[in-house]
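If you check TrEMBL, you get these features:
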BINDING   Thr117, Asp171, Asp199, Ala200  S-adenosyl-L-methionine binding site
Amino acid sequence: MAALGSWALWSSCSRGRSRAVLGCRLPGLRSSSPRSPLGARLLSQEKEATETHFGFETVSEEEKGGKVYQVFESVAKKYDVMNDMMSLGIHRVWKDLLLWKMRPFPGTQLLDVAGGTGDIAFRFLNYVQAQHQRKQKKQLRAQQNLSWEEIARKYQNEEDSLGGSRVMVCDINKEMLKIGKQKAHAQGYKAGLAWILGDAEELPFDDDKFDVYTIAFGIRNVTHIDQALREAHRVLKPGGRFLCLEFSQVNNPLVSRLYDVYSFQVIPVLGEVIAGDWKSYQYLVESIRQFPSQEEFKEMIEDAGFQKVTYENLTSGIVAIHSGFKL
């Protein structure tokens, strides 16, 4: 129960910018006060106003952050609906495959970055709860001498249905987190779940804290992907695993042509009709084309310090799951 209490505290203290919460030092969160060495380092490492891409548009790095924020602030309420429409529901299978590849063990501490609407977090909670229940039933079957009263008492005394597993959802966008919290409340997710407002490039967590780091369809929107990867490596425990689900480069010429037509001619129209936002979905399509290839991204993950880096193409390379370990 102490663990649950500390996570509840994290959740309650995350109403402001988690990197600058005053008077609320959370367990496992890094202090970024200007008076601290970390704060001084962060202030001394302000990003230069160099150029980068926002879709096919060239913008300053500082400008890109604001533009991406506006995109997800705009699409937050229709985000899940549009995911279903754009992928014809296949995104659900891709996310299921990410969990099956993760295979979290009892007690796994997961950090899901850019996970605002909770899709990965909820799947994780379902997975570990089902796993814990199977383990519990197996133990009870092995104890044939127990009476039914003793068996019932064991179920009643079960305080943690997740076997100690926890998930922290971290997202830079308040609107996306708001939608995720609403979904969690509506679907009954409470235990083992916390929400933090935070930047993938400057994660507000201590070193060596999580067993698994996931980011699904989020890393291509980060201004400095290399910095986000280094942060992922920093917050993972030794032996921890990095998993990224992201759009990639299609490896079938015919599928590639059809995919381009669908992406540029259909998806922005769906965005306008369903979400009333053509420009945001035009950006999302363009951002996919600007993201590194599978091999290039693999090298970036290795450069961040990860080992045993692999990737698996799904649906002819429309998306890929990238995996690496902190060893």
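Numbering starts at 1 and runs along the chain as it is shown here.
Cβ coordinates are placed from backbone N, Cα and C, and glycine is handled just like the others.
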* Structure fact -> Least Cβ-packed of the binding-site residues Asp171, Asp199 (other Cβ atoms within 10 Å) is Asp199
* Including all protein chains displayed, how many Cβ atoms other than that of Ala200 (S-adenosyl-L-methionine binding site) lie within 10 Å of its Cβ? -> 23
* **Cβ-Cβ distance under 8 Å to Thr117 (S-adenosyl-L-methionine binding site), same chain, at least six residues away** => Ala76, Tyr79, Asp80, Met176, Ile179, Gly180, Lys183
* In whole Å, could you give the widest CA to CA gap in the S-adenosyl-L-methionine site formed by Thr117, Asp171, Asp199, Ala200? => 16
